[in-house]
C-alpha cells in the first residue's frame, strides 16, 4: 500500500482553515440581544383575560382567536365573545378594558357532547372576523361543530340580519385553520368544509358573482393545507398557506409553503370541465432558505404580514420554521409582491408517472391562451368570460395547478435566522419607524412567550447582519395559564401593532397584553447608553435626556450624538453589559465597546479556527512521529530476522532445521554476498522434475500439531463412548480388549506417514520441552546419506483391543482430551499387517489421486509425496512408498496406551542432523504426564 506523502496533513489543515470562514458565512449565527427585559412591575391593567364575572373565562382563560383593527378600534375575537377596545382611550392612560363586547353562545352544546366531543370544544369560537363594508362586520363561529355566520354593526356590535351557514366559510373545529377576506363584495374564504376536515376548500360566496370552489379531494390542488393569510392585490386574491408536498412525496410528509391565487373575474368553467370550479387556480412554492452548496430550507410558514415598504418596494414579511422532525430553527423572509406576480408566469409542473419526479412542462405542450389567465385581461383578453375558454385549457389547468420555480426571498436569503432559541410563531412589522419614518422594525413572537425587536439588515445600522435590539419576556403565568399545559400557554398566537399609540398587543391563548414599543426611560441621563441602544424609537434630548420618539422628530432630538456634549449623570460601562437593576441608567445595554476593550476581545470564529488548527497540527505531528517509530521498529525486526546464527526457541527456521531434508545447508555467505533467505512457503506436491520435495515439505501444519495435556482430567466411561477418531468399530472377534495387549502391556496406537524423499527414516523421542530445545540448538554432525536406519522390531506389539475395552480405564490423571504426549518410533522392516477394511481417516481426498490403494494419477516412476495414513493397534498399516522407505510413527508412553487417541496429523521431519536411532523403550507403568 503506498504511503501518504508527508505534506498531506498540511494540505488537510489548510483545507480545514479555508473552509471555516465559508461555513460561517453560509449559515449566519444567532445575534445577541442588546437589551433584555420583562414585564415585572407592570400595571395589572396591561393584561386582559376576559370578563370578570365570566366563570368560564376564570377557568379557561380568554381563548383568543383573532385581532382586527378598524378606525382606531381594536376588535378581539375569542370564545363566545367579541371585545372592542378604544385605542384612543387606551392611549390616554386607561388600562386594557373593553368599552363594548358582544356575546354569542352556542345553543347546541348538548348535541355536541353526544357526538363524542369534549365540553371545552363545544363552545362557540369566533374564527372569522372581517369587515363586510365600512359599517358591517361579518363574524363566523364554530357553534359546537355546526359553524354559523352573523353580521354585526362595527360601532354598535349589534346583530344585523339573519344567521348564515358557516360551512366552507368557518371550520368546524377551533383548531382548524381559516382565512377570509372581502373583495369586490364577495367573501373569499379558505378552510375545511366538512366535519372530518378532509375537504379543504378555497371558496367564494356572499357576492354578486356565482359561488366557486376548488376541486374536491384533489391532492394536486390542496393536500392538508394550513391557511395563514389572504390578500387582495390587483386582479387576484392571494392565499398563503402551508401543505403536505405532492412533488416530494417520496420523502414522507414534508410540508411546503405555498401561495395560490384566483381571479376575481373568474366565473367558473363550462359544463364539460370545471363547472362551478375555479378556472384560474394556480399555486407555487415560497422559498425561504439559506443559500449554499447544500441549501438549508425553512419550509413551514407560520405567520405573514400585509404589504410593507421595503427598500422602496411593497413586500410581505413571513415567519418560517423547519420541519417538525428536523433541527429546530426559525427564519424571517420577505417577498416582494412583484416577484410573486412574476412567479405565476413560470412553467407548469407535471408528474409523468405515478412514482416519477415532477418536471416542467415544455412550452409547446401548453395550450393557448395560457391556463390560469383572467378572462378579458392579458393573454385571455379575447374571452369575455372564463366559461368561454377552450376545453383543453380547462382540462390542462385542472391537471397542472403547480408552477415552477419557487418565489425567491427579497434579499436572496433570510433577514434573520434563529437556531438556538425558541421557534418563532408571529410577526408584525413597522415600516415607518424612527423620526424620519424610514426605518423598518420587526416584532417577532415565539413559542416561549418572548418578543424580539429586530432591525433587519440594511436598516439603520447599515450593516449586513440583523440586530436584535430587545428581548422581552411578555408571559405571565398567573394571568395567562388557564387549564392548558405550560408549553401551550406560553405560545404567542397573535401580534397587533398600534404605531399611533406606540404599543404592541401580544396575544396568548389565555390572555392578551400590550407592550410599549420602547423603554427609553431606562437609559435615563446617559447619552452614550441611549445612542448605543440603536433603538429607532429612542432619541437624545439635550434637556430631557433619552426620550421616546413618536412620529417625526424635531430639531431638538439628537440621533447621532454629540461626543463633546456633557453627559448627565454617571453611565454604566457598555462593554460589561452587567444589569444591576431597572434603575440603572444603562440597564441591559451591551453595545458601544471602548476601543481598548474591542482590541482585547477575540472573535469566537477566530478562536474556534485556532483551536481546530492546533488540533489538526498536533494530530499531524503525532501521526508523523508514530509513522517514524513504526518504520524503525519494522526495520529492526527485519534485520533481526535476517541475522543468522542467533538461537531462537521454536522459530520457523528452527523447525525447518529439525524437520528439513535434502542436501546439507549451504555454507555461510562470503563477504559482500547477500544472505540467502530460505523459502518459507512451498507446496506439498512433488516437483515436476521428480527431485526431492522442497525443504519445508515436512513442516508440521496446524492439523498435525499435538495439543498440550490437561491436568487431572479423567476419562469418562460408558457403553457408548467412542475414541476421538470415531473408529472403534469391531476389529475382529479374536482380539483382546482395548488397553490390554497379549502380553499384558498396553497396546499403542500410532499414526504413520511415509517420509518424502530426502527425509530421514528415524526419529528422536522427545518428551519434554527442554529436550526439544537442546536438540534444536545442539551441534550438527555430518550426515551420512547411506547410513542404514536402525529400527526396533514390532513383532511383539500386541493386537488391537476390542471396541468396548476402551470404555473402562483406570483413574489415573489423563492429559488433555485423553491424548498423551506423542513419540516418534521406527517401524519394523518385517511383514506388514493387512490393511484394515476402513480407510484411513487422515488419508487425502480421492480427488487428489494419492493414498493407500487408489490409483495414482501421476507417472509411477515419479515418487508421490509423503502422506499420512493410520496404522491399527495390532501392527503397522500399509503405506504407500517403495522399498527402502521408512515410516514415521507417532507413539505414546507405555503408561497411557490403550486410551482413546485424538486424531492428529504429523508430517515427517526433515532434519539436516543425523537422526538419533533409538528403539522404543517401554514407559514405566503408572507414569503420569502432568504438565
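Glycine is treated like the rest: Cβ placed from N, Cα and C.
Annotated signal peptide per Swiss-Prot: 1-25, in sequence order.
The topological domain 'Extracellular' annotation in Swiss-Prot covers 26-605.
If you look up Swiss-Prot, you'll see 71 (among others) marked as N-linked glycosylation site. Applying an 8 A CB threshold to same-chain residues 6+ apart, the list for residue 71 (N-linked glycosylation site) reads 154. Following the DSSP three-state reduction, the secondary structure of residue 71 (N-linked glycosylation site) is coil.
Residues annotated as disulfide bond in Swiss-Prot: 112-122 (among others). For residue 112 (disulfide bond), the Cβ neighbour count at a 10 Å cut-off comes to 20, with all displayed protein chains included. DSSP classifies residue 112 (disulfide bond) as helix under the three-state reduction.
When other Cβ atoms within 10 Å of the Cβ of residue 149 (disulfide bond) are tallied across all protein chains shown, the result is 23. Taken from Swiss-Prot, the feature disulfide bond applies to 140-149 (among others).
Long-range Cβ neighbours of residue 263 (disulfide bond) (same chain, at least 6 residues apart, Cβ-Cβ under 8 Å): 235, 236, 279, 280, 374, 375, 377, 386. Summarising the annotation, Swiss-Prot assigns disulfide bond to 263-374 (among others) and lists sequence analysis as the type of evidence.
According to Swiss-Prot, the N-linked glycosylation site annotation covers 287 (among others), on the basis of sequence analysis. The Cβ of residue 287 (N-linked glycosylation site) has 22 neighbouring Cβ atoms from other residues within 10 Å, across all protein chains displayed.
Per Swiss-Prot, the feature disulfide bond maps to 288-333 (among others). Applying an 8 A CB threshold to same-chain residues 6+ apart, the list for residue 333 (disulfide bond) reads 286, 288, 298, 317, 318, 320, 409, 410, 414, 415. The secondary structure of residue 333 (disulfide bond), as reduced to three states from DSSP, is extended strand.
Feature annotation from Swiss-Prot assigns N-linked glycosylation site to 438 (among others); the stated evidence is sequence analysis. The 10 Å shell around the Cβ of residue 438 (N-linked glycosylation site) contains 13 further Cβ atoms across the protein chains shown. DSSP classifies residue 438 (N-linked glycosylation site) as coil under the three-state reduction.
What Swiss-Prot lists as disulfide bond is 480-511 (among others). Over all protein chains present, the Cβ of residue 511 (disulfide bond) has 24 other Cβ atoms lying within 10 Å.
According to Swiss-Prot, the disulfide bond annotation covers 520-538 (among others), on the basis of sequence analysis. Annotation note: residue 520 (disulfide bond) sits in a helical segment as assigned by DSSP. In sequence order, 530, 535, 537, 538, 539, 546, 547, 548 make up the list of same-chain residues 6 or more apart from residue 520 (disulfide bond) whose Cβ falls under 8 Å from its Cβ.
What Swiss-Prot records for 526-571 (among others) is disulfide bond, and it gives sequence analysis as the kind of evidence. All chains included, 25 other C-beta atoms sit within 10 angstroms of the C-beta of residue 526 (disulfide bond).
In the three-state DSSP reading, residue 546 (disulfide bond) counts as strand. Residues or ranges marked as disulfide bond by Swiss-Prot on the basis of sequence analysis: 530-546 (among others).
The region 'Disordered' feature in Swiss-Prot is assigned to 556-591 (among others).
Among the features that Swiss-Prot reports, transmembrane segment is placed at 606-626.
Among the features that Swiss-Prot reports, topological domain 'Cytoplasmic' is placed at 627-931, with the record citing sequence analysis.
On a Cα basis, residue 122 (disulfide bond) lies 20 Å away from residue 511 (disulfide bond). The least crowded of the disulfide-bonded residues 140, 288, 538, judged by other CB atoms within 10 A of its own CB, is 538.
Cα to Cα, residue 287 (N-linked glycosylation site) and residue 149 (disulfide bond) are separated by 36 Å. Around residue 480 (disulfide bond), a 10 Å sphere centred on its CB holds 25 further CB atoms from the protein chains shown. Listed in sequence order, the residues of the same chain lying 6 or more apart from residue 122 (disulfide bond) and placing their CB within less than 8 Å of its CB are 106, 108, 109, 112, 113, 144, 145. Least crowded of the disulfide-bonded residues (374, 530, 546), judged by neighbouring Cβ atoms within 10 Å of its own Cβ: 374. Taking the Cα atom of each, residue 140 (disulfide bond) and residue 438 (N-linked glycosylation site) are about 38 angstrom apart. When the disulfide-bonded residues 149, 480, 526 are ranked by how far their Cα is from the Cα of residue 438 (N-linked glycosylation site), 526 comes first. Cα of residue 480 (disulfide bond) to Cα of residue 149 (disulfide bond): a distance of 29 Å.
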